[in-house]
Amino acid sequence: MRIQVDTHTYASGHAYSTISENAFSASTLGLPMFCTTDHASSMPGAPHYWFFSNQRVLPRFLHGVAILRGCEVNICNLEGDIDIPLSVDQNLDWIIASFHEPVFPPKNKLVHTQALIKIISSGRVDALGHLGNPNFDFDFKEVIQEAVKHNVAIEINNTSLKGTSRVGSVDRCYEIAKIAKELGAYITTGSDAHFCQDIGKFEKVEQLIDALDFPFDKIITHSPKQFLAFLALRGHAPIAEFEALSK
């Protein structure tokens, strides 16, 4: 994997590095691009939405690494609402939507499925984060079919695959990835780094990809070109500074 798209800084409230430290780690690993995706404001300790609007001040390159501006938003309710205003979307390149227990207390399979389908169809999110969490069971096939229809990526999260966070996710991640492959879904991969030394740690994801023989043309984090092409498919405007990376 060449792109790291799920990273956090101390601004998330429970992470421990700056964006510059994350970029430096990416640079030392030879990663050409990464996205900063701090938690949105409903998460305890997370920043006000102005933090995300103001990402426009960030340079497009830090330590020689291309910087994508993003956010990991919270799925807030059955209607699929997220916790950043619509006006913020235009300042972001990448929005991941995830269930988090402090924001959306787990309900049941039907409720979780309905919320995911609503958020996919809203058109506001580019990917669904760490879906393997057993606390948020859902109809895998129904949700992934909807994601295929709307070109929303399914995240395969390295931290979930370690088995120590969101315990019980490992087998579910494999099943989700298997169905994603069968249905032709795009997947995104990430280490879910909350500390700079975890940038670029994809070993568990790579094992899953190898085990399932997942097609690389459906892994949007395989290269900058593929990731930027996916953003274009999603309707994002081209990023002029990344023109050379898109070829």
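Here the Cβ of each residue, glycine as well, is placed from N, Cα and C on the backbone.
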Further Zn(2+) 2 ligand in Swiss-Prot, beside Glu72, His130, within candidate set His14, His48, His100, His222: His100
Additional residues surrounding Zn(2+) 2, by Cβ distance to the Glu72, His100, His130 centre under 8 Å: His39, Asn74, Ile96, Ser98, Phe99, Gly129
Cβ within 8 Å of the mean position of the Cβ atoms of His14, His39, His194: remaining residues of the chain near Zn(2+) 1: His8, Ser12, Gly13, Ala15, Asp38, Met43, Gly45, Ala46
Of the binding-site residues listed as His14, His39, His194, the one whose CA lies nearest the CA of Glu72 (Zn(2+) 2 binding site): His39
